[in-house]
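Here Swiss-Prot flags 1-9, 126-141 as topological domain 'Periplasmic'. The transmembrane segment annotation in Swiss-Prot covers 10-32, 47-67, 70-90, 105-125, 142-162, 177-194, and the record cites sequence analysis as its basis. Annotation comment: Swiss-Prot describes 33-46, 91-104, 163-176 as topological domain 'Cytoplasmic'.
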Amino acid sequence: MTPMLLSAFWTYTLITALTPGPNNILALSAATAHGFRQSIRVLAGMSLGFLVVMLLCAGIAFSLAVIDPAIIHLLSWVGAAYILWLAWKIATSPAADEKVRPKPVGFWVSFGLQFVNVKIILYGITALSTFVLPQTQALNWVIGVSILLALIGTFGNVCWALAGHLFQRAFRHYGRQLNIILALLLVYCAVRIFY
């Protein structure tokens with residue numbers, strides 16, 4: 001992977017892991033309402049579910065690459081389009097609402113939620129088909145990057161849980177500006193895929 005593509009990969013994965021989404025909001029809510037220690041079960045369920053979903057995404061993306069390598073080039077365009085769509089959604093979304101507080105859930109519920117979490121499914125397929133499979137189709141690399149993607153996602157969840165009220169205040173005061181900056185960084189990611 002070239003340094004430019006690697007920088008786009010890290011930018012995409014970190015922004016996706018750290019921007020608001022179902023997991024991060026749930027982690028924030030659980031830690032804010034019940035403390036970090038009480039939210040560990042929720043975080044553990046999310047993390048294991050995230051890993052399983054990333055491995056499933058690896059299997060799907062790898063299988064498509066084996067069936068027809070030209071699909072990977074097409075998926076790169078689809079991935080870039082998704083990244084641009086995500087940038088648009090982030091740039092035009094309102095700041096987070098600190099009044100929205102879902103009830104904390106347990107390990108198995110947070111594990112199961114990963115299988116319907118469209119954000120992480122698209123995150124996995126986009127990262128693998130856009131940044132990894134065009135460079136290598138070695139199964140050990142695909143699996144290794146899938147594990148890395150799950151670790152990055154877990155990092156994002158833990159950051160939100162640890163930050164608790166601090167992130168709520170930042171999004172309340174600077175949410176629009178932060179959303180625009182994150183959106184511009186995602187546009188950078190989409191451009192770096194091809195140049």
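Using N, Cα and C of the backbone, Cβ positions are placed for all residues, glycine too.
Secondary structure by DSSP for the topological domain 'Periplasmic' (126-141): 10 helix, 0 strand, 6 coil. Packing against the transmembrane segment (105-125) from elsewhere in the chain are residues 13, 16-17, 21-23, 26, 30, 41-46, 48-50, 52-54, 56-58, 60-61, 75, 79, 82, 146, 149, 153: each is 6 or more residues past its ends and has a CB under 8 Å from a CB in it. With Cβ pairs under 8 Å as the measure, the transmembrane segment (142-162) is packed most heavily against 10-32, out of 10-32, 47-67, 70-90, 177-194.
Same-chain residues lying 6+ beyond the ends of the topological domain 'Cytoplasmic' (33-46) with a Cβ under 8 Å from its Cβ atoms: 23, 26-27, 101, 103-114, 154, 157-158, 161-162, 164. DSSP places the residues of the topological domain 'Cytoplasmic' (33-46) in helix, strand and coil in these numbers: 12 helix, 0 strand, 2 coil.
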